[in-house]
């Protein structure tokens, strides 16, 4: 269990560097990455859900029930936004502490990544060069056909398509050959990187388990602190949801009661 906790922590915290393995961009911090993903997801769900609620309220059934779902949805969105603001600093502190505790191990893994990157870069450059050559060759072969189409009549379109088809298949096959060659060239380095990570984690376990135990204890401590600090914000969320749920419940009961009265009157 300790090895699993440490492995997940290290892999997640080094994820931003590994994600930029073939790039020169400055990697995001783990918290920035999590925050961006969570924000995008919540915004998409919130906006999409509000659209559905608005469409339902605009329908004949929605107008008849008059549940005021849109008002409740906006209240809920406001409550969730407040929760995000309250928990944000607490979660930031958690990731900062976890980053600090695993700094040495992450530096060693990043060093391994950079070493492998330098070794495979020539293969990537060669692949890019060959791909550009193939595209240029394809463009040269296609150019006369395009001129022929412009000069010819519409009925030549089918003939042009028949000529382009084998050229496209040739480009696809040649590109597949280059990709397979690149995959074969990079395979040993991917395996080497995996073995290095496994070796570093194994060394931690064999070193008396002290370091691994310390990482696990500190991670558990940070998680407990995060849980305790988040309790007030979660309680605020619960309290904020109660009026929304109660309002929805009252509106729904009133709508059902009104519908029942209309049925009985018929």
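For all residues, glycine too, the Cβ spot is worked out from N, Cα and C.
The methionine sulfoxide feature in Swiss-Prot is assigned to 109. Residues annotated as region '10 X approximate tandem repeats' in Swiss-Prot: 67-266. If you look up Swiss-Prot, you'll see 67-88 marked as repeat '1'. If you look up Swiss-Prot, you'll see 89-110 marked as repeat '2'. According to Swiss-Prot, the feature repeat '3' maps to 111-121. Annotation source Swiss-Prot lists repeat '4' at 122-143. The annotation repeat '5' is assigned in Swiss-Prot to 144-165. Marked as repeat '6' by Swiss-Prot: 166-187. Swiss-Prot lists 188-209 with the feature repeat '7'. The repeat '8' annotation in Swiss-Prot covers 210-231. What Swiss-Prot records for 232-242 is repeat '9'. Annotation comment: Swiss-Prot describes 243-266 as repeat '10'. As annotated by Swiss-Prot, signal peptide applies to 1-18.
Secondary structure of the repeat '3' (111-121), assigned with DSSP and counted as helix (H, G, I), strand (E, B) and coil, comes to 11 helix, 0 strand, 0 coil.
Its Cβ taken as reference, the residue listed as 'methionine sulfoxide' is surrounded by 21 other Cβ atoms within 10 Å in the chains shown. Secondary structure of the repeat '4' (122-143), assigned with DSSP and counted as helix (H, G, I), strand (E, B) and coil, comes to 22 helix, 0 strand, 0 coil. Over the repeat '2' (89-110) the predicted model carries a mean pLDDT of 70.
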